[in-house]
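Database features, via Swiss-Prot:
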type	residues	note
BINDING	Cys333, His384, His509	Zn(2+) binding site
DOMAIN	1-61	domain 'TGS'
REGION	242-532	region 'Catalytic'
Amino acid sequence: MIKITLKDGKVMEFEEGIKISDIAMKISPALYKKALAAKIDGETVDLMTELHKDSSLEILTFEDEMGKWTLRHTGSHMLAQAVKRLYPEVKLAIGPAIDTGFYYDFEADFTFTPEMLEKIEAEIKKIIKENHKLERFELPREEAIKLMKEKNEDYKVELIEDLPEGEVISFYKQGDFTDLCAGPHVPSTGKVKSVKLLSLAGAYWRGDEKNKMLQRIYGTAFTKKSELDEYLNMIEEAKKRDHRKLGKELDLFSIHEEGPGFPFFHPKGMIVRNILESFWREEHTKAGYQEIRTPLILNEALWHQSGHWDHYKENMYFTNIDDGDYAIKPMNCPGGILVYKNSMHSYRDLPLRLSELGIVHRHELSGALHGLMRVRCFTQDDAHLYMTKEQIKEEIVGIIKLIDKFYKLFGFEYFVELSTRPEDSMGSDEDWEIATNGLREALDSIGKEYRVNEGDGAFYGPKIDFHLKDCIGRTWQCGTIQLDFQMPERFDLSYIGADGEKHRPVMVHRTIYGSVERFIGILIEQYAGAFPTWLAPVQVKLMNITDSQYDYLKKVEEALKENNIRVEIDTRNEKIGYKIREAQLQKVPYMLILGDKEVEAGKVAVRSRKDGDLGAISLEEFIEKIKNEIKNKTN
């Protein structure tokens, strides 16, 4: 008999060799029906996996991220199966699950069209009804290559040949279709209830511009049609909120072919940016942080010492100065460490909290660039904290509370993920255990719920990631807290303890916005361009009905500016209805309309973007109202 520990801590005994699907049935027939995959000792596996030793088990459904991923991974295979049925000459490349669905890359001597997608989708629906079992099998390297050569699948042959010697080579078969795949997958194609093919794109083989351009088909999959309908509605809403479209319409930023991935901020965009950065500085000063600034370009030797050269080189830009090799910084931490090393520190100085709005450059493939969300140059709102091991819990709790304050201000819900040691990492098992437990204890002490993301930590330490949920249900990873024992070791950082001896500090890397540019993009989409008054580039649009109100309009404008209210005037010879509509399209929070009645009464007619016509009030009353709104940062 073997002992299986369930997620809730319950221990059950079963015969050795039992399949996970049978365990799911014994736990609950309802769970068996919903089950898509499972985690055994943290590793995601098929439900048909047999268990031969004591293990921890979590049954995954569509409510779990890896449950969704597994279902959508199977969706990608069903897409490939449908394409091969309809167009047998097409060659298969790769087809993974992604955050919101899946894709598959194909080589074809024709161009896929939207009409073809409809045919392919209809074929997928047939495959769902056929309810093929997904059967995993393994082959020795030579047999695997032979199988793929017989099927004329050149890309699969290349993938197999690139696998290390001794690597398990596995395939999945569903009906008349077989694909090279590590898995896992759902038990049968009938588990995928609703599929939608979404779009077409080009993609270079292996993401390398030197390789052949393939055709990529994107799709998504759900267990219920109602979930698919909800998702499709979200996509339509997202199109309306696209920050690239709104950024252009609202004159916030632009991106030019002279600098792909390098955004240009316009005056109105700079207002939003400066407000976010000023608020960031104010809150960090209150929380005991000291701001620093470090250079953009630093000697190559620094990046060898930090480990970035070994772990991050392909994402970096380089230059040569005075016959020496330099790198443009992809991260702020090594420069911040040099600031710490510049002085001797006592235990009385700790914790030391150094913050930096530092510009970093990271190479992204051109196909991955996306407005402000994925760029090559951005400002990271970093902070690096240095502390003793005894201070870890208290400092992490303080950071979490600060992050919570920021996200609540902007109206975001969020969830937290604790990411543990990746395969490509530095440091001892003991340090990783202390660091990971430190983060766990901080989260547990304030009752913060979190998920564990095994193996997704930074190469130098475990981390807590904060995922924002926007108003249409999408998630964005922004803030992060990373505990680091490695950098202090590599840079020989120290402080003088109470015993007069040198000790090694613990270092924490931390962001809130993540990337300022990306956060602005998220806010544009969160608010659909209609920023709250305190953040709006233009807070008031002042407009006259005829030229006779011009002098009064200028007095009102002056009074607003004296009170630091951002105002624009519209004195064009246009109908007032046209001016109002334009201001509404520009998402201005308030419009003040001045006619002869307002001039005579010394009032302003107020129209709110949110509440419509508010009637005529005194200018003083309006100024007091809007100043309170700005001061309280009302959403």
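Every residue, even glycine, has its Cβ placed from backbone N, Cα and C.
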If you draw a 10 Å sphere around the Cβ of His509 (Zn(2+) binding site), how many other Cβ atoms fall inside it, taking every protein chain shown into account? 23
Does DSSP put His384 (Zn(2+) binding site) in a helix, in a strand, or in coil? strand
Tell me the Cβ neighbour count for Cys333 (Zn(2+) binding site), meaning other Cβ atoms within 10 Å of its Cβ, over all protein chains shown. 23
DSSP tally for the domain 'TGS' (1-61), helix/strand/coil in that order, comes to 14 helix, 26 strand, 21 coil
For the region 'Catalytic' (242-532), report the average pLDDT of the model, please. 92
Taking the centroid of the Cβ atoms of Cys333, His384, His509 (Zn(2+) site), which other same-chain residues have Cβ within 8 Å of it? Met331, Asn332, Gly336, Ile337, Asp382, Ala383, Gln482, Asp484, Met487, Met507, Val508, Arg510
Note: in the chain of His384 (Zn(2+) binding site), residues six or more apart in sequence with C-beta under 8 angstroms of its C-beta are Asn332, Cys333, Gly336, Ile337, Tyr340, Leu354, Glu356, Met507, Val508, His509, Arg510
